[in-house]
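Q: One structure, as structure tokens, below. Some questions next.
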Amino acid sequence: MSPQTETKASVGFKAGVKDYKLTYYTPEYETKDTDILAAFRVTPQPGVPPEEAGAAVAAESSTGTWTTVWTDGLTSLDRYKGRCYHIEPVAGEENQYIAYVAYPLDLFEEGSVTNMFTSIVGXVFGFKALRALRLEDLRIPPAYVKTFQGPPHGIQVERDKLNKXGRPLLGCTIKPKLGLSAKNYGRAVYECLRGGLDFTKDDENVNSQPFMRWRDRFLFCAEALFKAQAETGEIKGHYLNATAGTCEEMIKRAVFARELGVPIVMHDYLTGGFTANTSLAHYCRDNGLLLHIHRAMHAVIDRQKNHGIHFRVLAKALRMSGGDHIHAGTVVGKLEGERDITLGFVDLLRDDFIEKDRSRGIYFTQDWVSLPGVLPVASGGIHVWHMPALTEIFGDDSVLQFGGGTIGHPWGNAPGAVAGRVALEACVQARNEGRDLAREGNAIILEASKWSPELAAAC
């Protein structure tokens, strides 16, 4: 080997394995305004110190690998490495720690949620030194937020388009979700919209199956929507699910929806993927379509308390990728703690500036620098008796979705929709009069049912 090509160990490179914490655990580091900050819930394997576990997460999700490599000398590790800058034990849990990691902004492609997640959670979750790992929160710096388009329209533009103000919006998923022909499906849509709902919805798994192809469904739903609009004088929408097997097919369906003149389409953003979702969000902004987002598959990722990704992170990612509505749970009937946590990420979806508040699960102050907001959708097992609580908890900027609560009405879809609309209007009026919805909710619904036989039948 010639002297020019020989790599000499004496130059400063020393092969071999060394502890991650020697390089990647930096408690003296002061975070920069441009860093992406992550809070990981780390459960180390027995015998692994928390500092080593936290440093391992920082290393494996940035520049590190299991051994020292000579090519480290060709770049500036100090500039590009992730740093675990703080570790704290989780109160009430044995051998669980919150590890805070700072990533330099240069590690990420601009405007790509896909690249952000590939970097931060792509490889590290199978790491042997960890028994479990959960990404609890991310702080997205304004410099990175500004590289994203975000929601196609946002809350204010949606209200302007629909001409609906001063109350939550009402929706309903068409049931049975699978098996109806396109014409019968359209009929169910018409009945619900005619009765007083603002929106009806394709279920997340309604795409283009043999019993109902997407084009037929789009045509009959558009007919139902325009007929209900003509009868009621209100603007109506049906979330036409454009999710498909390829991005090209998805955009083709969105183009057809736009040509029909409908106001909104829908996407399953986790099963469809962030690349597809961002493409659709860009198309929707350019062509005046609202975009409803369903979170099918989220529980696979976020249900375990010590492993996976918390939904607040998936919600932040959706706001960056783009969507005007997203399902956010209901909180009705759940534990108080879960209510606070849910309202924490509801604020992260809607508000422009959210202060750090650990009691609500918000680990970092988040500034969205005027990125449009997303309407949270409450759906799943709710009915008219829940209306006072939902109106109080979610406020006006929300979509309340009563699927079985509408279609399960003993008199049919249209009376079910009437019952929901009357209950909502009664709760909004009572709230505006200063009444306590939490205490007087049942009385408010019963009062309204005296002059609405449809609501009385639903009660």
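Keep in mind that glycine also has a Cβ here, set from the backbone N, Cα and C atoms.
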Q: Given Swiss-Prot annotates X123, T173, K177, H327, S379 as substrate-binding, which of R213, R215, R295, R303 belongs to that site as well?
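A: Swiss-Prot names R295 for this substrate site.
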Q: Find the shortest Cα-Cα separation between K175 (active site, proton acceptor) and the binding-site residues X123, H327, S379, and name the residue that gives it.
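A: So, spelling it out, the nearest of the binding-site residues is S379.
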Q: Let me make sure I understand the span of the substrate site: among X123, T173, K177, R295, H327, S379, what is the greatest distance between any two Cα atoms, in Å?
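A: Result: 37 Å between the two most distant Cα atoms.
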Q: Using all protein chains in view, find how many other C-beta atoms are within 10 Å of the C-beta of R295 (substrate binding site).
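A: Taking all protein chains shown, R295 (substrate binding site) has 23 Cβ neighbours within 10 Å.
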Q: Give the residue from the binding-site residues K177, K201 that has the most other Cβ atoms within 10 Å of its Cβ, counting over every protein chain displayed.
A: K201
Q: My understanding is the cutoff is Cβ-Cβ under 8 Å with a sequence separation of 6 or more in the same chain; which residues meet that for X123 (substrate binding site)?
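A: The list for X123 (substrate binding site) reads E60, S61, given in order along the sequence.
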Q: Let me spell it out: for each of the binding-site residues (D203, E204), count the other Cβ atoms within 10 Å of that residue's Cβ, using every protein chain shown. Which one has the most?
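A: Selected residue: E204.
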